Every structure is written in structure tokens, then in C-alpha cells.
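Asker: This is the structure, below, for whatever I ask next.
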């Protein structure tokens, strides 16, 4: 009996990279789209995200959507 | 259809009942964290999961050719009685673990049932021992580690990236992302698990000569299997959902997103790189990992320990029930009838027991019933207070180290009582045992 360590290692590596990658990407999107916290001592009003941050967020979310679409493709094509 | 004998009819009905319990049992995998973080309302979550399971049942292009993936020798005289007995064992174990609120693998229950029934009515040569190790044991051990570590790393990262952001501001985004991940898990579940039932029914039809060998399952088989799993999913195993969503750890939206995404990635990666991991273990592991990944997050090891014990018992317990059922069913028609009556009786008794303390969509998020801190939890606390990281002096009682470390009260209320004399003096080996259960 032999354990297929290569396959197990592969699964582990891919899972780790994909999970951390997608969660990281999505978090970047959330950070980009959310408001910056008020500076200490500044007014209560918080700054809306800038145009650059917003574009980055949209791009990050779009990449996540692509990943989900690929996931559906994997399920359907299996 | 007029050639279907009574026995095959019984097998088909039993297979559909198993399919129902399968959906019922595994709703938690996809939806427990989604419900506990409030991403979806409980009813909405199970409805969405049910629809995706139904869709998944029809999506699969390739039909399960073997019901057991080579674990039992299906050519070695597997008769409908054997399949029936195996299914009864799997159903009984699924319902028992549901009553206890423990997520255990439905596939393992099915495998265990079929193995037990085969051992009794065919003999040891009907079971491929090596396949059991390769396809059941190793994936079950590896799954929580793979998914848990991935979810833990992802949770760490996401908390780090959003440390300057207001939590209420980001929660909405996480909840939305979590729904997408949960949908992927549901869809994958539908394609995998509904297929198993189709495989069982098709095999029964083949042994009865109703359809030709190697035939694809008829449309009514696909439709009924899909409907059974969807109905089970919709009714929801709320007990298990509560355990996974609230019992193992307290899940915040970022953790729920990380756990669910980790689970989806693990399931898809493993099934497409040829090392299939069990969904239940993947999802539970991911939830535990996300609990460990958050600063101040705590995993309730007593709950986790019971869950792991249930995983270990699934194969032998379902096998034992099925072995008894196979022995009885082998006695002839009255034996089959007796198994059916007994099975129905046990299911009814379990259902009646569940009504004494019902858990449904209205109270699923109420958190775990205050359980005394288990030995493992207490010992772990006495050794390693989670956030601080400095080793606790050996003289410390679990009480003093535990309370400041745990913001969650329920098990901190009774810390010293069960720890008693046996947990405090030997902290090191206990801690090791606790790590292993992960």
C-alpha cells in the first residue's frame, strides 16, 4: 500500500494558494471599496474611497467572479 | 417498470430515504457558516442549497459507475438484500449522528454500511481492505488538515488586511462573498452525492435485470434522486448546522468567508487532482481553521473531539448495523420485512427523541447549549492561553489563565470542575492529545 504523497501534496499546495489568493483578493476589494476610518482627532465624517481604490476593488471582485466561474466550470465539466 | 420486484422496489425506496438523510445531514457543510454569520436567513440558505443540489444532480455528465468506488467487490455476489442492509445501516447512523448534532460523513456511512453487509453475506473477499484505507481513512485524516490550514492562513491574512477598517463596514462584503462560496459547495455536493444514490438504484435495477448492465440511469432515477436530496437539504439538519455554525467556534463574517472559500477550494482542488477528500471533514476542518486564525478566536475542543470521535465511529458503527441487518435479511423474505420494520421503528424512535428538544430554523443560531468544559478544553487552556502565547506556569489553574483569554463565556463558567485532578498536573501530554484531535 502506498500513499500518493505527491497527489496529497499537490492538493494541499493548490488549496492553500487558491484559498489564500482568493480570500486575499476579495479582501483587497473590500478594503478598496470601504471607507477609510477617520483620522484621530479629525471630524467624524469619513472619507469615501478614491477613484483609484474603487477601480482596484472592482478589478479584484471581477477576478474573484472569474474564479467562481472557473469553479462552476470544474463542477459541470467533471 | 412492471418487472421491478417488491425487493428491488424496497431497495429503491430505501436508497431514496438514504439520499434524503444525506441531503439533510450535509446541509450544514454548505450553509452552517452562512447561517451563523447572518449572510442568509436560515430558510433562504437551505432553500438556495436545495435548489443547487437539485441542479447539481442533473448537471453531472458522468454517472457513478460503482457505488462504492471499488471498496467492495460488486461482482462478488452483491444481491439486493445486501444493498438494502447496507443502506439501512447508513440511514440509522446518519439519523443517530443527526440526533447528536454531529457532522459525520454520509458517504462514510454508506461505505460502512455496504462493507458491513458485504462482510456478513459475502465474506472478507468481498471487501478490498486497501481501498478502504486509501479512499476512506487517509482522505478523512488529511481533509481537516488541508482545509483547516488553508482556512487558518486565509483568516489571518484577511484580518491583517482589514485591520484599519471598520468591521461593520466590511461585514456586508464578506457575507456576499460567503454566499458565492457556499453556492459552489452546494453545487459540488449535488453532483457528487446525488450520483451515489443514482448509482445504488441503478445497481439494484441491474441486479434485478430491469436495465441492461452499464446502462445510464433512467431519467426517473435521476429526477427522484435529485428531488430526494433537495428535499432533505431543504428540511435542513438544523442540529448539525448549529454545531458547525456555532458549536465549534464563534464565526465572524471574515472567518465565515475564509472557511467557506477554503472548503470550496479544497473540495474542487481535491476532486480534480485525483485525491478526493471527504466534504464533511473538509468543511469542519475549515471552520476549525478559521476559529484558530482569528486572534482571540477559540475552538471548543470538546465539541471538536466528539465530532472526530463520530468520524472514527462512522465506518464501524454503520457497518455493524448493516451487518446485523444483512444477517437478518439473509434469512428470507420475513427477514427483509423484519429489517424494514425494525429500521422504520428505529427511525421513528430517533425522530421522537429529537422532538423533545427540537432545533429548527427559529433557534438554530442560539448558540450551543452550555456544555461543561471538557477535559481537553480545560487542559489546553491551562497550557496555552490563546492570544498571549507565553507558556503558562505549571502551577496555574485553568481558571485563571482561561478566563481572560476567552471572551466567550459559555464554557468558562464551569472551568475548574471537570478539569479536576487529572488534567492539571500533566499539561504537556494533554496538550498534545488536543492538537492531535484537530
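Just so it is clear, glycine is given a Cβ too, placed from its N, Cα and C backbone atoms.
Please treat TrEMBL annotations as automatic predictions, because they have not gone through curation.
According to TrEMBL, the record shows the following:
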TRANSMEM  B:6-24  transmembrane segment
TRANSMEM  B:45-63  transmembrane segment
TRANSMEM  B:83-102  transmembrane segment
TRANSMEM  B:109-127  transmembrane segment
TRANSMEM  B:133-155  transmembrane segment
TRANSMEM  B:197-215  transmembrane segment
TRANSMEM  B:221-241  transmembrane segment
TRANSMEM  B:308-328  transmembrane segment
TRANSMEM  B:334-353  transmembrane segment
REGION    B:381-438  region 'Disordered'
COMPBIAS  B:415-438  compositional bias 'Low complexity'
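Can you tell me where each of these features sits in the structure?
Answerer: Same-chain residues lying 6+ beyond the ends of the transmembrane segment (B:6-24) with a Cβ under 8 Å from its Cβ atoms: 50, 53, 80-81, 83-84, 87-88, 90-91, 94-95, 98, 106, 110, 193-194, 196-197, 200-201, 204-205, 207-208, 210, 224-225, 228-237, 336, 340, 343.
Here the transmembrane segment (B:109-127) has long-range neighbours at 18, 22, 67-68, 71-73, 76-79, 81-83, 85-90, 93-94, 135-136, 196, 200, 314-323, 325-327, 330, meaning same-chain residues at least 6 beyond its ends whose C-beta is under 8 angstroms from one of its own.
Within its own chain, the transmembrane segment (B:133-155) is flanked in space by residues 69-71, 105, 108, 111, 254-255, 258-259, 261-263, 265-266, 270, 275-278, 281-290, 292-294, 297, 311, 315, 438, which lie at least six positions past its ends and keep a Cβ under 8 Å from the stretch.
Among residues of the same chain six or more beyond the transmembrane segment (B:308-328), those with a C-beta under 8 A of the stretch's C-beta atoms are 81-82, 84-90, 92-93, 96-97, 100, 102-105, 108-121, 132, 136, 140, 280-281, 335, 338-339, 342-343, 437.
For the transmembrane segment (B:334-353), same-chain residues at least 6 beyond its ends with a Cβ under 8 Å from one of its own Cβ atoms are 7, 10, 14, 81, 84-85, 88, 91-92, 95-96, 98-99, 325, 328.
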